[in-house]
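Not my notes, these are from TrEMBL:
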type	residues	note
BINDING	GLY96, LYS97, GLY98, GLY99, VAL100, GLY101, LYS102, SER103	ATP binding site
Amino acid sequence: MTDLADFTARLTALTDGRASAPRLKEGVMTIALDVGGLDPDRREGLAAAIREGALTVPGVTDVRIAMTAERKPEEAVAAPTLPPKAPLRILAVASGKGGVGKSTLSANLAVALHRLGLKVGLVDADIYGPSQARLMGSEDQKPQARDKKLIPVTGTLGIPMLSMAHLVEPGKALAWRGPMVGNALTQLIDAEWGDTELLVVDMPPGTGDIQLTMVQKHKPVGAVIVSTPQDLALIDATRAVSLFHQAGVPMVGLVENMAGYACPHCGELSDPFGHGGAESKAGDLSMPFLGRIPLAIDIRRRSDAGDPPAAGEGVHADAFHAIARKVADWLKASA
Ligand SMILES: Nc1ncnc2c1ncn2[C@@H]1O[C@H](COP(=O)(O)OP(=O)(O)OP(=O)(O)O)[C@@H](O)[C@H]1O
């Protein structure tokens, strides 16, 4: 994770001492930058690199750079370049049918992977029913664009993210047809992700053309399939798995969501949708079983409030973290 101290140290190196110490107040980071002697391209390049880095510091939602011109041209040094970036890898989170908790898992997986130290970004590819802005508490943010590329907004824990919910009014995308949707997805994925190494992509539910184009064009390194324990959901999950197989995308594993319910009053455990179905389905499909997330009112409440359970502590956070560790191990092994 880039904390403020790390960023301040990097800033000094990046700007050869041209930047003041950053000040952070109410999510806004302010930095004075001495651009004396730099040509306009270098000035802009340096400011963009600072902005990109600053937005990775937890809690920073906006960056203001005040440019001054103290240094003389002869003192000017070449604008330093950023260290080479690791290639951006895509992890698809998908389900065969809607409503099984794919978005909830995507958000919490992104948060848990971020807490493990990965440089994670989150894309909500569910164009018709985007929910990540709400889940990650970034509904009121609007992405900017630079050189025709979108600059992600910052969600929970400073995780960069993009969703159609940030770009269109609620319900507007519903009338869109295939090509428009394909273009919109490409804009979200080919955005300015900075030093992000892994994009968690919350896929649209189902197995239609859009999903196929998405996996063929954007080539995820792996896919996590989410299902509830019901037979019908598991049959649909099988379809989702075959979509990824067709496109040559490896399976990371299957997650069972809404597994088992603990009554908040008496604590009695029940299995409204059956028990163990997803684990045995994973076995049938020769794919790893990544774990269970219980059906819990607290998960729904916190998700609705833009406060993903994985950002906190407790049994629900632990359930998401256990899955994230398996995913991180898989990613490491497949790198
Ligand atoms: N483990 C859980 N316990 C309680 N509620 C949950 C759980 N997982 C998801 N939910 C709730 O179920 C609803 C559907 O979840 P979510 O939006 O994540 O599903 P989805 O598969 O992404 O749906 P869609 O296909 O509509 O995008 C949400 O209200 C969410 O808060």
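Each residue, glycine too, has its Cβ placed from N, Cα and C.
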State which of the following binding-site residues has the fewest other Cβ atoms within 10 Å around its Cβ: LYS97, LYS102.
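Lowest Cβ count within 10 Å among the binding-site residues (LYS97, LYS102) is LYS97.
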Residues other than GLY96, LYS97, GLY98, GLY99, VAL100, GLY101, LYS102, SER103 within 8 Å, Cβ to Cβ centroid, of the ATP site?
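Leaving out the recorded residues gives SER95, PRO205, VAL226, THR228, ALA233.
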Here are some binding-site residues: GLY96, GLY98, GLY99, GLY101. Which one has the most Cβ atoms within 10 Å of its Cβ?
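Checking each of GLY96, GLY98, GLY99, GLY101, the winner is GLY96.
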Consider only the binding-site residues GLY96, LYS97, GLY101: which of them have a Cβ under 6 Å from an atom of ligand 1? Write none if no residue does.
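Within range of ligand 1: GLY101.
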Using CB atoms and a 10 A radius, I'd like the single residue among the binding-site residues VAL100, SER103 with the highest neighbour count.
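Answer by Cβ density within 10 Å: SER103.
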